[in-house]
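The structure appears right after this line, and notes come after that.
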Amino acid sequence: MKPLIIIVGPTAVGKTALGVALAQALQGEIISGDSVQVYRKLDIGSAKPTLAEQGNVPHYLLDALDPAEPFTVAQFQTLANQSIQNIQSRGKVPIVVGGTGLYIRSLIDPFQFAEHGSESIRSFWTAFLSEQGKEALHRELAKRDPLSAQRLHPNDTVRIIRALEMCQLTGKPFSEIRGNQDMNYPPLPPSLLYVGLTAPREIIYERINRRCEQMVAAGLIEETHNLIKEGYSPKLKPLQSIGYRHALLYLYGKVTLPEMMRIFQRDTRHFAKRQLTWFRRDPRVVWYDTYSGNLTNILESLIGTCSGMESRVE
């Protein structure tokens, strides 16, 4: 059986380029581990790889859903595992590339999700919020997960509902899943290589600032506007993700274009910091520094590692 490779790290660190290069070298196929790239029509703001950037490598879980369709960790876990099995059954190497920490965690340390879908759970807590108010919602979280309740302000109802949803789906406090408590990191199977990409903070932030500017220049605002014109609600989860929610602020006249750019870059930098914090908690990640021109060295190292893994697995 071919090994499974997982590539993680903060946004703008170079995961896509490495994943494609590695897939081309190893006859691999890529599974996206990104919670926004899974949606059709959300291309620029999600930094979805273009056909040229995909380099003729088959990609899975890109453009898989309509923006109005819900997508949960449980769904990702199921679809990604199906894709992994499909790829390995054909003698290819599955490579998961993404920065959505909970998605990746669900593949490495499979969570047992409740049989009922999370949409009904989310609907229940949304109705509870409407009827009882945000303070009561916050108290419900405090009963189930005191650490998350301490971390989240009562006004942050979206994240509170998310935490309550995960408590019910996994049977564990969301803070435990996030890593706020001592976590058990069991050894990885010999057929799995867990790769993390990083870079000095100033380089990551510089790349992020430049990428945000490039997204706006490439038509992020127009892409967002078109989605609204097509009838998609601005309250949809993917349209509340980084980039799209900032474009909406500008489109609705809440901020000027320079102010939109400032908070877009700031929030993306904060997001990258949270991503690094999440993945650095896991001692099983093998880290590589993606300083300029280092892709070739990382690629050669990973090809050698994978060759050794494949011989051991076989």
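Positions of Cβ are set from backbone N, Cα and C atoms, glycine also.
Features of the protein shown, as given by Swiss-Prot:
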BINDING   G9, P10, T11, A12, V13, G14, K15, T16  ATP binding site
BINDING   T11, A12, V13, G14, K15, T16  substrate binding site
REGION    34-37  region 'Interaction with substrate tRNA'
SITE      T100  site 'Interaction with substrate tRNA'
SITE      R122  site 'Interaction with substrate tRNA'
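Swiss-Prot feature annotations superimposed on the structure.
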{"residue": "G9", "record": "ATP binding site", "Cβ contacts under 8 Å, 6 or more apart": "K15, G99, G196, L197, T198, Q275, L276, F279, T290"}
{"residue": "P10", "record": "ATP binding site", "Cβ contacts under 8 Å, 6 or more apart": "G99, T198, I204, F271, A272, K273, Q275, L276"}
{"residue": "T11", "record": "ATP binding site", "Cβ contacts under 8 Å, 6 or more apart": "A47, G99, I208, R211, T268, F271, A272, Q275"}
{"residue": "A12", "record": "ATP binding site", "Cβ contacts under 8 Å, 6 or more apart": "A47, I204, R207, I208, R211, T268, A272"}
{"residue": "V13", "record": "ATP binding site", "Cβ contacts under 8 Å, 6 or more apart": "L197, T198, A199, I204, R207, A272, T290"}
{"residue": "G14", "record": "ATP binding site", "Cβ contacts under 8 Å, 6 or more apart": "L197, A199, T290, L295"}
{"residue": "T16", "record": "ATP binding site", "Cβ contacts under 8 Å, 6 or more apart": "A47, P49, E53, V97"}
{"residue": "T100", "record": "site 'Interaction with substrate tRNA'", "Cβ contacts under 8 Å, 6 or more apart": "G33, D34, S35"}
{"residue": "R122", "record": "site 'Interaction with substrate tRNA'", "Cβ contacts under 8 Å, 6 or more apart": "P70, I161, E165"}
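With a threshold of 8 Å between CB atoms, the same-chain residues lying at least 6 positions outside the region 'Interaction with substrate tRNA' (34-37) that come near it are 45-48, 61-62, 71, 76, 98-100, 103, 238, 241. For the recorded substrate site, residues T11, A12, V13, G14, K15, T16 set the reference point as the centre of their Cβ atoms, and the other residues of that chain within 8 Å of it by Cβ are G9, P10, A17, A47, G99, L197, R207, T290. In three-state terms derived from DSSP, R122 (site 'Interaction with substrate tRNA') belongs to a helical segment. Under DSSP, T16 (ATP binding site) is assigned to a helix (H, G or I) in the three-state scheme. In the region 'Interaction with substrate tRNA' (34-37), the DSSP tally of helix, strand and coil residues is 0 helix, 0 strand, 4 coil.
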